[in-house]
Amino acid sequence: MSDYKSTLNLPETGFPMRGDLAKREPGMLARWTDDDLYGIIRAAKKGKKTFILHDGPPYANGSIHIGHSVNKILKDIIVKSKGLSGFDSPYVPGWDCHGLPIELKVEQEFGKPGEKFTAAEFRAKCREYAATQVDGQRKDFIRLGVLGDWSHPYLTMDFKTEANIIRALGRIIKNGHLHKGAKPVHWCVDCRSALAEAEVEYYDKTSPSIDVAFRAVDQDAVKAKFGLPGVSGPVSLVIWTTTPWTLPANRAISLAPDFDYALVQIDGQAVILAKDLVESVIQRIGAAEYTILGTVKGAELELLRFTHPFMGFDVPAILGDHVTLDAGTGAVHTAPGHGPDDYVIGQKYGLETANPVGPDGAYLPGTYPTLDGVNVFKANDIVIELLKEKGALLHVEKMQHSYPCCWRHKTPIIFRATPQWFVSMDKEGLRQQSLKEIKGVQWIPDWGQARIESMVANRPDWCISRQRTWGVPMSLFVHKETQELLPIERTLAAMEEVAKRVEVDGIQAWWDLDPKEILGEDADQYEKVPDTLDVWFDSGSTSYSVVDARPEFAGHAADMYLEGSDQHRGWFMSSLMISVAMKGKAPYRQVLTHGFTVDGQGRKMSKSIGNTVSPQDVMNKLGADILRLWVASTDYTGEMAVSDEILKRAADSYRRIRNTARFLLANLNGFNPATDMVKPEEMVVLDRWAVGCAKTAQQEILKAYEAYDFHEVVQRLMRFCSVEMGSFYLDIIKDRQYTAKADSVARRSCQTALYHIAEALVRWMAPIMSFTADEIWGYLPGEREKYVFTGEWYDGLFGLEENEEFNDAFWDDVRYIKDQVNKELENQKANGIKSNLEAKVTLKYADDANGTIKKLKLLGEEVRFIFITSQFVISEQAGGIDDENIQYNAGNTTVQAVVTRAEGDKCPRCWHYTTDVGKVAEHADICGRCVSNIAGNGEQRKFA
């Protein structure tokens, strides 16, 4: 027997079967860096329509975690897909560099400013620490395959950015949104600073729950309101609170105007309670008996006065919409200095915003003899004892409830009225304009709109001042005696002068500044405001300080902001507030949010549980492309589950895609698209169908990219590789590809299809599996740009026309019949027919309502190649077919596949069984088809 291996067109490629991504990717990254790939892309896209995804800056502290990876990969997928869609999509990564966490790190290592070194030296160390953190995170982000201007990122501590942050505040002041006030703010006694809403987390805390009686000043007046002048015993209004320590600051009791309030007789006294809460209160305080004497609406009790149990003054009953019947007594202890609702209602009634608590969380001198200097959380017991002594405590018990805590220290915080600077939500219509702007933004997922609308509608004024060392100074001057701001025009001019100096020397320029340098003779009357800006102001103003300022954005506003779903109350909110306050419009056109990562069981990632997944470990073991594929294949609109098992599944999917790409490349061996391409009208019909499949897939994939449905992209890509190609087309063409004459139309038609498919496939992959796409690109035949990322989606795809005889609908029917035939072939393995080529299939049919069988007959001898059998016979059964049949439902056609052993001998070259093996003397051991392909004109293929 002769060796015919050399006569076959066996697949050959240098593209490795194994990805070995962890080893190969770093080399590709080095090439990308050496070539300045990002710069090449920018040059290639110059002049195109822009799409700007503005990077929300991660905090420059610590190593990146899996959540960072999700965020950066999603951004990179969008930027790359937009580039392929014909946009110029520059990506400038950024970092948030000021603020408390960095201060704490520096304090831990060096101590607090003023202890061993000056505040200026402390700031320098903070800057140095932030820079090292940026460098560490940058390396990991680059390792993920994220393309961007990593050599020139934006940092909120860049001198130019710091200066622009000051200018942003100046614009907000000019537009009338800034005001100063003593207002309750979230206050962390450990930070010694006000906290933004985004810096507050909630944890369960056990607190004392108390019911306290405030005795009526004018007993007769209260009794008369209920129409009961003759009631015996004293009358009190009962409040309920879980913060006894705030009672020294009580200045009123709030009632709901429309609630019914009952005068209830218990144990020789009368108490006023919300009627709907009487039973629960009586049960709680343990009264043996009670009688409801009368009821009135809350509005009837307005401005009646009640005596504070121990502070020696009386307070009014006032009306507020914040009163509920969810718990308590229906009468709310109101301390305007210790709560936002209390403050708002206090302003309405002209109440004092009392704040008896210092920045360290201890009562100030003169508060109350037994409370002065005591920490408020330790004072609860003292207050309770005071109430007992005064006979005002009706009940006390412990209760667990959700309590605000500092995001950094995890310790309980307090509401504390302090002199702060605020961006007003309503003074100049910021709230209403923001709500209007929200409606013009596309929110992805769409529930994001309702979420941020609710937050904006209900949020208090934004406290933007902080009492910190490492931050952008507010750069304001106030009068030493009145604390009034420098007149507006002079304030704005002074801020611009400060900004110019900061642009040269950084924020330290403010602290080094002698006011005389700017204010001249008036310097003696004014002092510098020592406060720094909330870090959310830093990042929130980047639409102005970065997007408007960077030349690559060419004055265009950001198209998209993309962050985790917690940023509705964080960066999305602060960015919206600042942009609307400055310019009257939203800083973004689209806002996309992704969920948080959880483990395979849906649990939150936690070092204590030990269920965290390190992106560095994943990249070192599996490669960044596996991590990227996992991100893309997960529906980011909800929680994103990740575990070793889930990543293993991603690796399995990756292998299927890689194997498809390798098959394409290996079978393009020897193909030159410039000389070997077959015109569409001359191609084998099945090959045109395959290219059409790619065209349909591309339309769906591009639509999914456009909608940011990346898991749909992956699913469609997998279906194309595994189902349409892997289990149908690529199997069928192996015979033609390997055995036909190398330069025949039959084979070149096939290679033409593979070439078109590969050109499209590599681009579909590029935004997600960037390293692998770059690798594939290097093995594709033909002249091309150096990188796939500089081009656009492949536009060379075509397909079958609907009015053609052998159109897509026909091939859909064929695929269905083939699936049924394959099941019967599988069944026959038990009868000794081990491979499809050992089989002869007789396809019996009784009717042909949709004409599929008629068309199959027209394929003639080529039909067997579709079913990959040695013989294939189509037989009409006029009397119907056996009951044991395979039902094929399209057009009500019923078919039955009968499998028998193929006739003839096996050809050692093509492995088909045929009766003409050995008929040609010169090639006595191969079939006539193979003889023609070796020594003759070669077989002709029209259909398959």
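Each residue, glycine too, has its Cβ placed from N, Cα and C.
For reference, Swiss-Prot has these:
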type: BINDING; residues: GLU563; note: L-isoleucyl-5'-AMP binding site
type: BINDING; residues: LYS607; note: ATP binding site
type: BINDING; residues: CYS907, CYS910, CYS927, CYS930; note: Zn(2+) binding site
type: MOTIF; residues: 58-68; note: motif ''HIGH' region'
type: MOTIF; residues: 604-608; note: motif ''KMSKS' region'
Outside the motif ''HIGH' region' (58-68), six or more residues from its ends: residues with CB under 8 Å to it: 95-97, 99, 101-102, 105, 130-131, 133-134, 136-137, 140-141, 155, 564, 596-597, 605, 612-616, 642
Cβ atoms near CYS910 (Zn(2+) binding site) (within 10 Å, other residues, all chains): 21
Rounded Cα-Cα span from GLU563 (L-isoleucyl-5'-AMP binding site) to CYS930 (Zn(2+) binding site), Å: 61
Rounded distance in angstrom between the Cα atoms of GLU563 (L-isoleucyl-5'-AMP binding site) and the residue listed as 'ATP binding site': 23
Close in space, distant in sequence - CYS907 (Zn(2+) binding site), Cβ under 8 Å, 6 or more apart: TYR913, THR914, VAL917, ASP925, ILE926, CYS927, ARG929, CYS930
PLDDT averaged over every residue in the motif ''HIGH' region' (58-68): 94
Structural state census, the motif ''HIGH' region' (58-68) (DSSP three-state): 3 helix, 1 strand, 7 coil
DSSP three-state assignment (helix, strand or coil) for CYS930 (Zn(2+) binding site): helix
CB-centroid shell, 8 A cutoff, Zn(2+) site CYS907, CYS910, CYS927, CYS930, site residues removed: THR739, PRO908, ARG909, TRP911, HIS912, THR914, VAL917, ILE926, GLY928, ARG929, VAL931
LYS607 (ATP binding site), number of other Cβ atoms within 10 Å: 7
Conformational class of GLU563 (L-isoleucyl-5'-AMP binding site) under the three-state DSSP mapping: strand
Cα separation, the residue listed as 'ATP binding site' to CYS910 (Zn(2+) binding site) (Å, whole number): 59
Helix-strand-coil residue split for the motif ''KMSKS' region' (604-608), DSSP-based: 0 helix, 1 strand, 4 coil
Cβ neighbour count (within 10 Å, all chains shown) around CYS930 (Zn(2+) binding site): 27
